[in-house]
Structure formats: structure tokens, C-alpha cells
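Right, one structure below, let's go through it.
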Amino acid sequence: MHNAFKHSFYSSNRIYRAFLTIQSKPLLTSPVPTQENITHLILEQKSATEALQTFKWASKLRNFTHNQSTYKALIHKLCNFRRFDCVHELLDEMPSSIGSTPDEDIFVTIVRGLGRAGMIKQVVKVPELLSKFEKKPTLKLYNSILDVLVKVDIDIAREFYRKKMMGSGIQGDAYTYGILMKGLCLTNRICDGFKLLQVMKNRGITPNTVIYNTLIHALCKNGKVGRARSLMRELVEPSDVTFNILISAYCREGSLVQALVMLEKSFSKGYIPDVITVTKVVELLCNHGRASEAVDVLERGGVVDVVAYNTLINGFCRLGKVKVGCRLLKEMELKGCLPNADTYNGLISGLCDSKMLDLALDMFNEMKRVGINWNLVTYDTLIHGLCLGGRVEDGLKIMDLMEDDKGASTFHISPYNGVIYGFYKENRLKEALAFLRKMENLFPRAVDRSVRILGLCENGSIDEARRVYDQMVGEGVMPSALVYANLVSGYCSKGCVREAFELMNEMIGRGYLPVASTLNALIILLCKQGKVGKASKLMEDIIGRGCLLDSGSYSPFIDAFCSNGDFHKAFVFFLQMVEKGIIPDYYSWDTLLMCLCQQKSWIEGNNKIYHLTSQLQAIIQT
């Protein structure tokens, strides 16, 4: 025996006290320990040494003999602490110690212990260990080895099954195939999983519910819920686990109708889904709102093609319900209706409009992953969305992909105008102009017209600039945001409100929202001309479109109202500015305070003036 068995048992009293301590437990019925008592006591030890000491202590007890159970308990503890040298010594001593060779449960224990230790080469050699005791490996032992191997490498497990098991004449049972199916599904080898299913049927082995559930779960995990549902029909009696898997999968895909149908089937079978599954269905119903009506219409529409789905997806995206659109993409895949580039382009547009730029990039990458080629609309939509969202650098990266993509024509100016718009939106005007000049090789006419317009606006020749603009549009060339911004500012500097308004509307119609500096020029002009109401409506409209204002947007209103002695209206605009987190500039403060000081009709005790001055003081302190 190992040296640990030769140690003096200094802890014999401690072990005996531990034995007496558990006397009150129902397991023990007499002061003399049984093999079951010792098995329990060995398993309770905190180290391999203590387990060995307990085993040896029991060996010295009068009228006590170890059996397979106590040896198994000790071997289990030794495997946990990787004392495999001791394990082999115990196996060798068992025939003489208890008069019998180790049973299959002990070898199964060793297999699992070696597996936990990551000693895979030793695991596959365990069947050879049995030959020392003139035993043949059992199916149970082979299955335990397979169970360890599939968690490490399915290829090693399959080779072991073919060479060792089948080579020994053991075909395996449903549990064997269940282990292999688990390994295949864990590595997403779904096609091999279906082949294994067919092998079972050919050999007359009926796949059980666990095997089907394993394959169904793998299909759902890979987004093949429709295929999983078809496979479910082969089950004579699906289990509650089957329904939980499919309902959860449909919820993840946003397929409300399928989830509800599967839920109803679950209830009709007498199964109640677990709380996690039920929560997913509830969440899906809440998120859809009235959108379920649209899904219902689609369901009743008979055979639905990709155009119908694209129309519905675009409709949801226009309503800002882009997540519903994404779920419809999954639903059409489940029904065998393959999406095309228009499907993804619509979703990318919706995601960009909803400021979900990372998800838009994910959708862009998914197109490539599923084998759908990017086209000009894809690039243009994403570049525009990224630049609009303040991510010009990301937009430039997509543009690099576009220029490297021979399948997408680069002779369209729209994506390039998107980058210019991004620079303009971030007030990086020098970079916008530099980028415009870089476009000259690709779009010489557009760049020439644009540069001329910018130069003419700078020199105050707004009429000539407009003539070049009209020529540009007449040639079918789309002007950039930089061109529109300069034209609007140019007309404002000349006091031409109507022309400035018209160009700003055209600018917005092209998808270019004006930045504060462009908008402010028109607001200043309107306020100077006494058209404060029109300026206010313009501001309200532009805020509703998502434009960001600055202190220069509010200053003209404060100045106009203060000039007319209407401190209260001026103060209302001042408060609106502060509430939006915009810090008032010196001019706004000075104008407002000067106006306040001139309010001679308001005496010091007036509650109204006291309230206003209190608010001003609070703002100052903030």
C-alpha cells in the first residue's frame, strides 16, 4: 500500500468522535459502523489524507470488512485530489482484501475523476485496465467515457465510439447516441446530428425525447426555429422541455404568432411553461402593441413573398418600430421566405433613423455572413446614418469598403455627400472642404460647381451662386450640405428671407438638417424684420426634427423682445434655453438684465418681479 497507509493513526480518536457525532443521524442505527456508515464518513472528509485515515481506521475495527461501496467512496475522494497512484494500489489490493475484483461503478468513478482532471489520454485507456482483472468493458463504462470525451472534443469521442466500442462489438444504446448527439450539437454540427438520428432509426433504436430536445435546442440556438418545429412533429409525445425550448426560441426571434401558437399547444397538452418562458411571451406581447394586427394580416395573406415582407418591414421602420422589422426578418426566414438586399437595406435605414448605429453595423455585417451582397443603397444608407449620428470616422471606414467593392458602383455622389454632411454637422468645415476637393477625380463636374458656389457666396455674389446651383441641379448632380448651408447664409446676409427659406426646405428634403449656425442666420434675419412669430415656428419645427440649437439660436428672440420692452416673453425664451442645458452667452445676460432694470412700472414689492428675480438668481447660482 501507499505510504499514507503506513502512517501512525494519530487521528483515530478524532475519526471515532466524528463517527459518534453522526450517530443521531437516521443513517446510523448502532454504535458499530456499517459499510454504509463508513462510506458516508469517507465522503465527508476534507482531504485525501483524511479520507485515507478514515478508511484505515475502519479497517482496524473489530468485525468490520470493507466492500465495493467503501472502496468506491475512497477512490472518489482520491480522484478529486488527483491521487491516482493511490487509486491503482487500491484496485490491486481489492481481490485479496474483500475477495472480489472492482466492479463497473468503481471504473466509472475513475473515468469521471480522470475527466475532471483533464487526463483524456488516461480516460480512453481505462478499458485496458479491466483486462488486469480479466473483465470486459461494459456499455455503462463506454458511455461514461463517451460522456467525458464529448465535453472535450467531439471528434475524439466519435473516433472512440467507432474504433473502441464498435470495434469491440458494442453498438450502443439510446443513452450512447444521446451523448454523441449532445457533443455534436454543442459544436453546432447540426447536419451530423441529423445523420446520427437516421443511423439510430436504421439500427432499430427509437430516439427518445431527450435526443430530440437536444437537436431541437441546437436548431433554435442557430436561428433555425422553423426546422426545429418540423422536427418536433416526429416526436410521439413532446415533453414540457420541448415546448419551453421552442416558445423561448420564437420569443427571441420576435415571432409572436408562433410563440402564442406553441404556448397554446403547450397548455392543451397539460404543460405549463416555466416562468422564464412565460415572461418572454409576456414581454413580446407588450413590445408589439398594435403591431400584432399587422402580423395577423400577414398570416392571413396566404403565400407571402419577399416584397410583401419588405413592405411591412419598411412600414414598421418608418413608424420608428425598427425592432419589429428585425423580428419580421427572422419570421420570414422561419417561413422559408429568403430575405434580399432590399430587406436588409430597409432595416439598416430604420436602425440609423432610430440612432441604433451599432445594430445597423451588425446588420451590415450579417448581410455578408448570410451571403447577401452589399449594394450602393446599403453603403449610402449606412454612411449617411453614421455621419448623421456623429460617427464620421466609422462612415469613412464603410466608404473604404465601398471603394474596394468592385460589385458596388462608386460613381454615385450620394455616399460622399453623406461624409461631407457629417463633417458639416460637427462644424468641421475645413475638413468638409478638403474632402470635397478630394472627390474631384471621381466627380469633377460636381466638385467644380460646388467650389464655384462656395466662392461666390463668400464674395457676396449670391445671385450668381444661385445660377450655378440651378445649373448643377439641372444636370442631375445632388448638392452637398456644404453648398446648401452657404447658400442659405448668403441669402440671409442679403436679407432675402423667402429664398433662404426655400433653400433650407430643399436642404431638409435632401436629408440634411441644418446645424445651429445655419439656422441662426435665418432666425436673426426674421427677428430683425419683426417676424418673431415666424422665427419661433421655424425653431419649433427644427427642434422637432432633431436639430441641436445653441445660445445663438435664442439670443435673437431675447434681443427682439427686450427691444420692445417685453421682459416676460424674453425671460420665457431665456428659461427654455437654460432648461435645454444651453449656457446663455454674455450678450443674452446683458440684454435681459438691462431690460429688467428698465421695468419702472414694477415696484420692488411686486410679486411678479420678485418671482422673476428669484429665478434669475437661481439660474446664476446654477
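Just so it is clear, glycine is given a Cβ too, placed from its N, Cα and C backbone atoms.
Just so you know, TrEMBL annotations are computer predictions that nobody has curated.
Listed by sequence, the residues of this chain that lie at least six past the ends of the repeat 'PPR' (173-207) yet keep a Cβ under 8 A from its Cβ atoms are 139, 142-143, 146-147, 149-151, 154, 157-158, 161, 165, 214-215, 217-219, 221-222, 224. Residues or ranges marked as repeat 'PPR' in TrEMBL: 173-207 (among others).
Same-chain residues lying 6+ beyond the ends of the repeat 'PPR' (208-238) with a Cβ under 8 Å from its Cβ atoms: 174, 177-178, 181-182, 184-186, 188, 190, 193-194, 197, 200, 245-246, 248-250, 252-253, 255, 258, 262, 269, 330, 333-336. Residues or ranges marked as repeat 'PPR' by TrEMBL: 208-238 (among others).
For the repeat 'PPR' (239-273), residue counts in helix, strand and coil come to 27 helix, 0 strand, 8 coil, using DSSP. Residues or ranges marked as repeat 'PPR' by TrEMBL: 239-273 (among others).
Per TrEMBL, the feature repeat 'PPR' maps to 305-339 (among others).
The DSSP breakdown of the repeat 'PPR' (340-374), given as helix, strand and coil counts, is 26 helix, 0 strand, 9 coil. According to TrEMBL, the repeat 'PPR' annotation covers 340-374 (among others).
Below 8 angstroms of C-beta separation, residues 341-342, 344-345, 348-349, 351-353, 355, 357, 360-361, 364, 367, 415-416, 418-419, 421-423, 425-426, 428, 511, 513 of the same chain, each at least six residues beyond the ends of the repeat 'PPR' (375-409), sit close to that stretch. What TrEMBL lists as repeat 'PPR' is 375-409 (among others).
The feature repeat 'PPR' is assigned by TrEMBL to 445-479 (among others). Under DSSP, the residues of the repeat 'PPR' (445-479) split into helix, strand and coil as follows: 27 helix, 0 strand, 8 coil.
According to TrEMBL, the repeat 'PPR' annotation covers 480-514 (among others). Beyond the ends of the repeat 'PPR' (480-514), by six or more residues, the same chain brings 384, 388, 417, 420-421, 424-425, 429, 432-433, 436, 450, 453-454, 457-458, 460, 462, 465-466, 469, 472, 521-522, 524-526, 529, 531, 542, 545-547 to within a C-beta distance below 8 angstroms of the stretch.
Under the heading repeat 'PPR', TrEMBL lists 515-549 (among others). For the repeat 'PPR' (515-549), the predicted model reports an average pLDDT of 83.
Look at TrEMBL and you will find 550-584 (among others) tagged as repeat 'PPR'.
Outside the repeat 'PPR' (515-549) by six or more residues, the chain places 424-425, 427, 485, 488-489, 492-493, 495, 497, 500-501, 504, 508, 556-557, 559-561, 580, 582 with a CB less than 8 A from a CB of the stretch. With helix defined as DSSP H, G or I and strand as E or B, the repeat 'PPR' (375-409) counts 26 helix, 0 strand, 9 coil.
Helix, strand and coil counts under DSSP for the repeat 'PPR' (208-238) come to 21 helix, 0 strand, 10 coil.
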